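These features come from Swiss-Prot:
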type	residues	note
TRANSMEM	22-42	transmembrane segment
TRANSMEM	62-82	transmembrane segment
TRANSMEM	115-135	transmembrane segment
TRANSMEM	145-165	transmembrane segment
TRANSMEM	175-195	transmembrane segment
TRANSMEM	204-224	transmembrane segment
TRANSMEM	242-262	transmembrane segment
TRANSMEM	280-300	transmembrane segment
TRANSMEM	307-327	transmembrane segment
TRANSMEM	333-353	transmembrane segment
Amino acid sequence: MTTQKQHQQQHHLQSGQEKNKALTLIICVCGLYGTFLTWSILQERINTKPYGDNNEYFKAPIIINLIQALFASIIGFIYNYVTTTTTSTKTTTKTKTKTNSNPFSIFFTNGKQNCNVLKFMILISITSSIASPIGYKSLKHLDYLAYLLAKSCKLIPVMIVHFIFYQTKFPNYKYLVAGLVTLGVILFTMAHVTTKTKINDGNTLLGLTYLIGSMILDGLTNSTQDQLFKLPLENKLTSGKLMSLLNLFIFIWTSLYTIIFHKYEIDYTINFINNYPELLIDIIGFAICGAIGQVFIFIILEKFDSIILITATVTRKMLSMILSVILFGHHLSWEQWVGVGLVFGGIGLEAFIKFKQQSQQKMKIKSKVA
């Protein structure tokens, strides 16, 4: 009888844990959709749509990046404090010394690796600081949907950087995915080359140059970030520490660059906001949504399989494109729809193969245990 009761209690406990996990996943996915769909709409609104009766366009992308980094850093510090405090209450006093809630401690408590941590953090923040404004510059010459489509696949820039700097070889399916995505983006962009607006001058070649440069910098950022996480650190670099410190560095570099070389953008932004106060609401909303969205990404990565994050991210980007078409009146030709299909088909193929690989690994582990 005692054994049967123990089995029942264990079953109820597992059932409760599964329900809590499912509820957490639903909240995180809904949060991811809600924040990043809003973020995407505001991004297009700020960068490509006119304000006021005079139809003035906001042309200070560095300021957008500056404000986004500030809010992401603040929310990152809050997220880091909450997660480290929660973790500390569940650990012993011995472990508490290693779970330091001060994110700056990673620069002083890792012995010989202190310099490497600082070096990688500076490099990541610089490449990230440059990538975003260059990407926004491409919007002067390309449609927002082309920008969104190209940014939907992070595999290509990562492959380019690894090939150039590390001579890395990839599985054959990744070359197929990269080919499908590249073909899709080119088809989508070139099929709409004749269309231009006041904000889009139709100079597709220049726009693609900016976009490719931004994507390569994204790849360098992601690859260097991978190297940072591989460092043997005693005081581990958590997602909260990375988010808070990285965005703080981006804010510092962008502030210095703006003050030294683009001080006029500060005055321009202040005057623009005085004339069109709704811009300030849009930028703050954009920054907050992006920062909170990052937190949901980290929670999903920490508590669930990466395949769940990939699936949620891909479907979110598809919804972003659909919302952009509906809300901002984009008209896509059949060639562009084929391009969209190729891009998301390639991303979907990558997700499917990763899912199969994970399933096979789990089956092997189970067979070894049995």
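Quick reminder: no glycine exception, Cβ is built from N, Cα and C everywhere.
Note: the stretches the transmembrane segment (175-195) and the transmembrane segment (333-353) are in contact (3+ CB pairs below 8 A, sequence gap of 6 or more). Through the fold, the transmembrane segment (22-42) approaches residues 148, 282-283, 285-286, 289-290, 292-293, 296-297, 299-300, 303-304, 308, 312-313, 316, 319-320, 323-324, 327 of its own chain, all at least 6 residues removed from its boundaries and within a Cβ separation under 8 Å.
Stretch with the largest number of CB pairs closer than 8 A to the transmembrane segment (242-262), among 145-165, 204-224, 280-300: 280-300. Here the transmembrane segment (145-165) does not touch the transmembrane segment (280-300). Their Cβ atoms form fewer than 3 pairs under 8 Å, with each pair 6 or more residues apart. Non-local neighbours of the transmembrane segment (307-327) in the same chain are 25, 29, 32-33, 36-37, 40-41, 44, 144-145, 148-149, 152, 297, 300-301, 340, 344, 347-348, 350-351, 354-355, 358; each lies 6+ residues outside the stretch with a CB under 8 Å from one of its CB atoms.
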